[in-house]
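One structure below.
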Amino acid sequence: MGPGWRAPSAALVGGSVALFGALRRAALAVPRPAAVRSRPGRAWRWRNLLVSFAHSVLAGLLWHSPELLSDIQDGYSVSGHLLVCFSSGYFIHDSLDIIFNHQSRSSWEYLVHHTMAISAFVSLIITGRFLVAAMLLLLVEVSNIFLTVRMLLKMSNVPSPALYEANKYVNLVMYFAFRLAPQAYLTWYFLRYVEVQGQGAFLTANLLLLDAMILMYFSRLLRSDFFPSLRKGSAGRDVDGEKFLID
């Protein structure tokens with residue numbers, strides 16, 4: 001499959017949306033912890049996080065062709081194309097899940113993130129350029145595995161603090177290795193080598209906005225898990241139904 005927006009690409013994205021819809025329904029059968037069952041407002045959030053976890057794991061399994069990292073602008077591989085279509089479908093599904101379940105107000109940060117990701121991914125599928133940049137950004141899904149586990153553990157009120165503590169430190173390492181480092185490298189690359197016009201300007205603007213969001217989430221994570229005395233106001237509070245990237 002060559003680069004460009006073709007019927008197979010649209011079918012792949014649509015198939016991904018359908019797959020995550022099926023996973024969402026399957027998540028209804030997963031037993032919920034007592035802490036979730038006792039607070040009905042958490043039911044949607046629990047199910048949504050399970051689907052997010054599935055996406056992170058599956059995206060990690062689809063990630064191949066590290067040799068392409070030497071050609072960020074024009075590198076291409078079928079596995080990379082599949083990964084971008086697959087994740088585009090997830091972002092579309094998750095956006096619809098948030099909207100149709102009336103969670104837009106509490107999950108607006110996710111909607112902003114997903115809108116940025118979908119528009120960027122569609123542009124690179126259409127042009128066939130910067131596919132490798134998207135693959136590099138999707139390394140974040142490795143970090144998301146541990147971030148999602150963290151949120152599930154908090155919602156579950158797991159009685160073993162050792163499990164949460166262990167994941168807390170692994171999550172911090174993964175955040176650096178698979179979220180902050182790739183993001184910093186791509187930002188440096190785009191500012192140094194990519195033309196600031198057309199698609200290059202659009203993707204650079206997206207990248208810089210994502211930088212700000214990631215640093216904000218990192219600040220929340222540090223305050224919540226390592227410096228709880230610095231938490232202010234409602235930052236990090238656990239409110240039924242809310243879906244924060246960091247809470």
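Easy rule for this one: first residue shown is 1, then count along the chain.
Glycine residues also receive a Cβ, built from the backbone N, Cα and C atoms like all the rest.
Along the domain 'TLC' (41-230), the predicted structure has mean pLDDT 92. Here TrEMBL flags 41-230 as domain 'TLC'.
Within its own chain, the transmembrane segment (45-63) is flanked in space by residues 20, 23-24, 27-28, 30, 32, 36, 79, 82-83, 86-87, 90, 93-94, 97-98, 135, 138-139, 141-142, 144-145, 148-149, 151-152, 155, 240-243, which lie at least six positions past its ends and keep a Cβ under 8 Å from the stretch. Marked as transmembrane segment by TrEMBL: 45-63 (among others).
The transmembrane segment annotation in TrEMBL covers 116-149 (among others).
Residues or ranges marked as transmembrane segment in TrEMBL: 169-191 (among others). Within the chain carrying the transmembrane segment (169-191), a Cβ under 8 angstroms from the stretch's Cβ atoms is held by residues 72, 133, 136-137, 139-143, 145-147, 149-150, 200, 203-204, 207-208, 210-211, 214, 218, 221, 225-226, all 6 or more beyond its ends.
Summarising the annotation, TrEMBL assigns transmembrane segment to 203-222 (among others).
Tertiary proximity for the transmembrane segment (116-149) is limited to same-chain residues at least six positions away from its ends with a CB under 8 Å from its CB atoms, namely 2-5, 9, 49, 52-53, 55-57, 59-60, 63, 65, 68-69, 71-77, 80-81, 83-85, 87-88, 91-92, 95, 167, 170-171, 174-175, 177-179, 182-183, 185-186, 189-190, 199, 202-203, 206, 209-210, 245-246.
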